Amino acid sequence: MAEGGISSFWGPVTSTTECCEKNYAYSSYIAEFYNTLSNIPCILLALIGLINALRQRFEKRFSVLHISNMILAIGSMIFHATLQHVQQQSDETPMVWEMLLYMYILHSPDWHYRSTMPTFLFLYGAVFAAVHSVVRFGIGFKVHYAILCILCIPRMYKYYIYTQDVSAKRLAKMYVATLLIGTLCWLFDRIFCKEISSWPINPQGHALWHVFMGFNSYFANTFLMFCRAQQRGWSPKVVHFMGVLPYVKIEKPKAQ
């Protein structure tokens, strides 16, 4: 949105996307204040997931997944703080990389040619990053990202129907719920920005999208960790940190 009363440290806006929040309303260093700070819960949740993955010695793919969540959130913070085109790439490119990583984790257990898929996904991500650095996709990026998300849904559903554990199924349901609520917040912020601008209080739909997607990623990661632990025979169970935040606890056979 149009700038507030504070001058910009980063210069004129060069990004192709802006949200329904007044720019530089609180600081000359932060263009979109709430959209920047709302990424902090995403980082903290990813850090909790990473600690759990390392502490229980899950496969490295899950550590990389949690780290990718943190990188995405940090990139998003940088973008919303500056609203510069280069920093926009630090938000959008990790979004694609993260989805490629989800595709690998979802499909790798049944992939017979183990080196083929990761090689293809790596090259795909590298080519996208190179092209995205010089081409402004605009709506094309959103369509591309949506397609990658849709490609993950059938496999995620298969994991859901083959999982008998009630607590694990609840994780999957929370994943879907946070995705739907977050998407509604994002759409509300995009579609009704003109009306929201006249309200005395901005509900900050895009910031809420960040928070819900932080929980969405955490629930997705935790559910996938449970499913993978089942595949490996690690007797997983869902427990709760301080009775609130779910995580997976496993018992590996002594040989592992």
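Backbone N, Cα and C atoms are what each Cβ position is placed from, and that goes for glycine too.
Caution: TrEMBL annotation is automatic and unverified by curators.
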| task | If TrEMBL is the reference, give me the range from 33-51, 90-108 marked as transmembrane segment. | result | 33-51
| For the transmembrane segment (33-51), which stretch among 63-83, 120-139, 174-192, 207-227 has the most Cβ pairs under 8 A? | 63-83
| task | May I ask for the residues of the chain that lie six or more residues beyond the transmembrane segment (207-227) and have a Cβ under 8 Å from a Cβ within it? | result | 21, 34-35, 37-39, 41-43, 45-46, 48-49, 53, 58, 62, 65-66, 69, 73, 76, 102, 105-106, 156, 159, 163, 165, 168, 171-172, 174-175, 178-179, 181-183, 185-186, 189, 236, 238, 246-248
| remark: For His210 (Zn(2+) binding site), the same-chain residues 6+ apart in sequence with C-beta under 8 angstroms from its C-beta are Asn35, Ser38, Asn39, Pro41, Cys42, Ala73, Ser76
